[in-house]
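For B:49-226, the entry in TrEMBL reads domain 'ABC-2 type transporter transmembrane'. Taken from TrEMBL, the feature transmembrane segment applies to B:21-44, B:50-71, B:92-117, B:123-146, B:153-174, B:208-229.
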Amino acid sequence: MENIIEVTSLQKAFGASRALKDVTFNVKRGEIFGFLGPSGSGKTTTIKILTAQLKPTAGSAYAFGVSTEQLKSEKYRQKVGIVTDNTALYGRLNVYDNLKLYCDLYGVPYQRIGEVLRMVNLAGEERKAVSKLSKGMLQRITLARAFLHEPELLFLDEPTSALDPVNTKHIHDGLLHLKEKGTTIFLTTHDMNEAEALCDRVAFLNNGEIRLLDSPKKLRQQRGEPTLTVELADGSMVIVPKGPEGADQMFRYMSTGQLVSVQSNHPTLGDIFVEVTGRKLA
Amino acid sequence: MTFSARRIFAILQKDYKDLSRNLYVTTTLFMPLLMAALFGRMGMGTISSYYIVINMGFILVATYVQSALIAEEKEKNTLRGLMLSPASTMEIFCGKSLLSFIATAVVVTGSILLSNYNPRNMAVIAIALLLSAVFYVGLGTLIGLFTKSVMEASVVIVPVMLIFTSGSLLIPLIEKYPVLAVVEYMPNLQLLELADRVETGAGLGDTLLHLLVILAWVLVIHAVAAYVYKKRMVDE
């Protein structure tokens, strides 16, 4: 599959502090790529370099086959959607007027406003003044704005950090819908459940370095125990080997109606992150 | 570089709605008109008194309102949203300048009428005022790009106002301090000199040099503003 983002030996220093040390990765067209790391690990710096808001100290970053510097041009801006902490809304205007401005800037018909508001669970809120919205609603409007022009490549920096579980689910459904339509999504998050629910591949970033990169499923399988935890009707938990040696035991639990639930003994992405970096995601 | 009228008018429309709900900035628009009405009733009919009011209009409306519009976009992090959109620098500049320019045209015209200023050659004065308005809007853009908030822009505007409304006070000092001769080339003094010459019967040809000096200021201020804007597109 074609790479839509290619990053090689990327480095960024702010004075003596090195935010990115030697970062190399690629993002394939149509995938959701998760960039996971705690605060200060270099996630936002990477997004800013990829969206031409920051110049790298060394290394290269390409998107659509051109240097990210060229993403400043209209041709590429039209293909890209960005939600970061420095893309805000106009507080004195209502929701509709905020989105209408971006419809005009991107050449999108106004009926898209209703569609994107439904995607972020804010249908019918068009006339509300932005200054009166909660932090979570503001975050959803910012996301709706990025969805307006159905970008080929969407950069999302902690897109659900201020949302409750119901609205997070809505946003996740919206992102999966965009992915189905072919949008490539570069997502930074420190929410492991979000990464597991959405991402085709994830990179663990710590202190400006990628420590691990693979699909969440593979990462968990590679580090899993070859056992299952079985919950029985009497409330006890039993560890059963996954191989043929455990088959008789499992058959016995099933045939006697003792089996309540079975869980594979894989670590969570959070566990793996702590194992690899020695740091918790927070 | 693209030039989309839809994008420019979208930014203008957004600015109009935003500004109309910003009492702090909109009240500023009435200051030059009040001064003009006062001057008109007091019967201060000298060219320099008319141009104190006109320059006040340029500074308070073209420069201050424009700087407030830009500084607020920076303060609220909305300017980056425009910068990251497909709108070109030219479209954003035009869109962001249009409201201040229109407001300046209305306020300066109103000030001229209220102060009973009737120039002998309205066409030449109109060209000079038009160029001056474009210069002062550019100055406002530059101040807005350098300041971090509307409050900071409100402070920075004070020395700018002193320089551009009372620059003529320095003229008597030029003989004593020749270095101050450069003051004569300031756009406000060029405008004043042009207005004086128009009252003595000068036409377009006679005042062309003054117009060219003001035009040079227009080009320089907008080139510098565009350079600073492009620098602001990228974080340090």
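Count begins at 1; order follows the chain as displayed.
A Cβ is built for glycine as well, from the same backbone N, Cα and C atoms used for every other residue.
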Outside the transmembrane segment (B:21-44), six or more residues from its ends: residues with CB under 8 Å to it = 50, 52-54, 56-57, 60-61, 64-65, 68-69, 103, 107-108, 110-116, 150
Inquiry  = What residues elsewhere in the chain lie close to the transmembrane segment (B:123-146), defined as a C-beta under 8 angstroms and at least 6 residues from its ends?
reply    = 54, 58-59, 62-71, 73-74, 93, 96-97, 100-101, 104-105, 108, 153, 156-157, 160, 164, 187-188, 191, 194-195, 198, 202-204, 207, 210-211, 214-215, 217-218, 221-222, 224-225, 228-229, 232
Key: Chain residues outside the transmembrane segment (B:50-71) and at least six past its termini with a C-beta under 8 angstroms from it   = 15, 19, 25, 28-29, 31-32, 35-36, 39, 79, 96-97, 99-101, 103-104, 107-108, 111-112, 115, 117, 129, 132-133, 136-137, 139-141, 143-145, 147-150, 152-154, 156-157, 160-161, 164-165, 188, 191-192, 195
